[in-house]
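Chemist: Okay, so TrEMBL annotates it like this:
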type: COMPBIAS; residues: A:235-248; note: compositional bias 'Polar residues'
type: DOMAIN; residues: A:21-158; note: domain 'Nudix hydrolase'
type: DOMAIN; residues: A:176-233; note: domain 'NrtR DNA-binding winged helix'
type: REGION; residues: A:217-248; note: region 'Disordered'
Number of protein chains: 2
Amino acid sequence: MSQIPFANVAERRDQPPMLAVSTVIFALRDDERSGRKSLWLPLVRRTREPFRGQWALPGGPLGPRDSLVDAAAANLLDTTGLIPRYLEQLYAFGDLDRSPTRRVVSIVYWALVREDDAPHTDTPATSVLLDDPNVAWFRADDESVLANLAFDHRQIIEYALWRLRNKVEYGSIAHRLLGERFTLAQVREVYEAVLNKSLDPANFRRQLRAATDLEETDEFLSGGKHRPPRLYRYTGSTSHPLESENIS
Amino acid sequence: MSQIPFANVAERRDQPPMLAVSTVIFALRDDERSGRKSLWLPLVRRTREPFRGQWALPGGPLGPRDSLVDAAAANLLDTTGLIPRYLEQLYAFGDLDRSPTRRVVSIVYWALVREDDAPHTDTPATSVLLDDPNVAWFRADDESVLANLAFDHRQIIEYALWRLRNKVEYGSIAHRLLGERFTLAQVREVYEAVLNKSLDPANFRRQLRAATDLEETDEFLSGGKHRPPRLYRYTGSTSHPLESENIS
DNA sequence: CAAATAGTGTCTTTAAGACAATATTTA
DNA sequence: TAAATATTGTCTTAAAGACACTATTTG
C-alpha cells in the first residue's frame, strides 16, 4: 500500500482532473489446460509509482491533438504493436479516489484483435514483437493476475468482459477475433469461449446464418481428419456509429 | 457561424483538453398535437460565445471535487431544479473540433425524470420553478430546435434517444418516467411514446407481467368513463452497476 | 343501456432447443 | 472402414403477434 503525503491530498483537491485513455484488448488463444480456446489480454507492468511493478492496462494521458479513439489506437500500437479489428468506447471512469496520487479521469476503450495479429508470448521474458519484458499476455479470467492489478483496473476489465459477452450474444462481432475467412465452427468456438458454455453445432449454424451477414466462399478448410468445412466471409455493416469503429 | 482567430487555433493545440459534464434529460408529457404522450427535454440558452443565444444541453466544467455522476446530478439540479429518477453515463465526446474555441472533452449522462417532477413550461417566458428565461422544455423530436443546437449537441441528443429506445425495449426502466404507482396502460403509453408505435394492449400486458418485477397493489384508478384499471408498483433491481445509478 | 377501456382466451406464426440421421473427409 | 466433424432434417417447446370475447365502470 502506498502512503499519501498530506501535501498530495491538498494538491489533488485543487488541480484540475487529468484526462487519460486506456484500452482493454482481447484476443482468442488456445488454452493449454482446457483444450478449448479462451480469451487473453495484454497488460503492461508499471515502472513508476503508484503501483510500481504491478500489472496495468495499457494507456496514457490524452494529448491535446489526439481524438479519443486515436489516442486509444495509438497507445495500443505503442505498447503492444497491435492494430485492433474492433475498437469501441467502454466507459469513462472518474471516481475521486481511483488513483492514490492525483485525480485522474480515464476514458477506456475496448478492442478485439485477431489471433494471428497477436504475437504469442506466454511469459514476459519471451515477448516477441516488442521484446519488452514489461508487456505480457494473460488469460482474461486469471484470478491471480486480476487480484493484483493497479488502480481500479480489475473492475474495468470485468466490465469490459461483461460488455463483450453482451455484444457477442446480440451483435455480430465474433468474426473480428478470427481471420478474414473462417468456418462456422470457428465462430462457434468464439461464442463458446466468450460465453463459457457449449452450444449445439446444428442450431448454432442455423441461427448464425439467419442472423448475420455471412457469405459462403467456394473454399473449404481441409487438413482435419473429417469432412472439410466450408469457409465463410463476413459482409456486414455496423449498428450505431458510436458503438463501433473499424480499423482498416 | 463563428470565426476562429488564428491565435485561438494555436492556443487550442497546446492547452490540455478541458473536461466537462453534460446531461440529456427526458420526461414524458402530453402532446397537444398528437393527443398522445411524447418525450420532452430541457435545454439552456447560451449566454456566452461560442453559440451565444442558441440552445444547448445543461452542463459545465468538471470541478476537482466532483465525481462524474455527482457533477451530472448537480448541474442538472442547478439548471432545471430536478432530481432524476434514473441517471446513466451515455458517452464521452472528444473530437478535436467539437468546440470552435478550445478543446473540450464532454462526458455526457442521460437522465429520466417523472412528469410531476418536471414543472410544466411550454415557453421560455413562463418557466415556473426557476423562473429562468434561459431554460425551456422542447419536444425531443422538434426538428426546428434540433437543427439549431450549439456544438455537437444534436448528435448527442440523437444518440441518447437511441440508447433510451434500446433500454426501454430490453430493460425495465419505463416506470421511471411515471409515478410510484401506475397502471399497465400507462407503462404502455411510455413504450408507445419512446418507440413511436402502437402496441397491442393484451399482448403487452402479458409480456410486461412475465418479464419485469411488477407487483399488484389493491388500488384501482377510478375516474375514467370505463372499468378502473389496477395500479401496480415496481419492485426490481438494476442490471450492471455501471449501467444505472438510482437517485433516491 | 351505450361507450370506453380493462382484462382473458385462443389461434397462428416464428424462433429456440434437443437430438437423430446423413455426408465426407483423413488415418 | 473407423473416427471425427460437417451438415441437414425433424420434432418439441416457448415466445410473439393477431384478434375475438368477456368484465366493469361512468354518464
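Residue numbering: from 1, along the chain as shown.
Backbone N, Cα and C atoms are what each Cβ position is placed from, and that goes for glycine too.
Owing to the predicted nature of the structure, the values given are computational and were not obtained by experimental measurement.
Please go over these features one by one and say how buried each is and what sits next to it.
Modeler: Within the model, the domain 'Nudix hydrolase' (A:21-158) shows a mean pLDDT value of 89, rounded to a whole number.
Secondary structure by DSSP for the domain 'NrtR DNA-binding winged helix' (A:176-233): 25 helix, 14 strand, 19 coil.
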Chemist: Helix, strand, coil residue numbers for the domain 'Nudix hydrolase' (A:21-158) per DSSP?
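Modeler: Summed by class, the stretch gives 29 helix, 46 strand, 63 coil.
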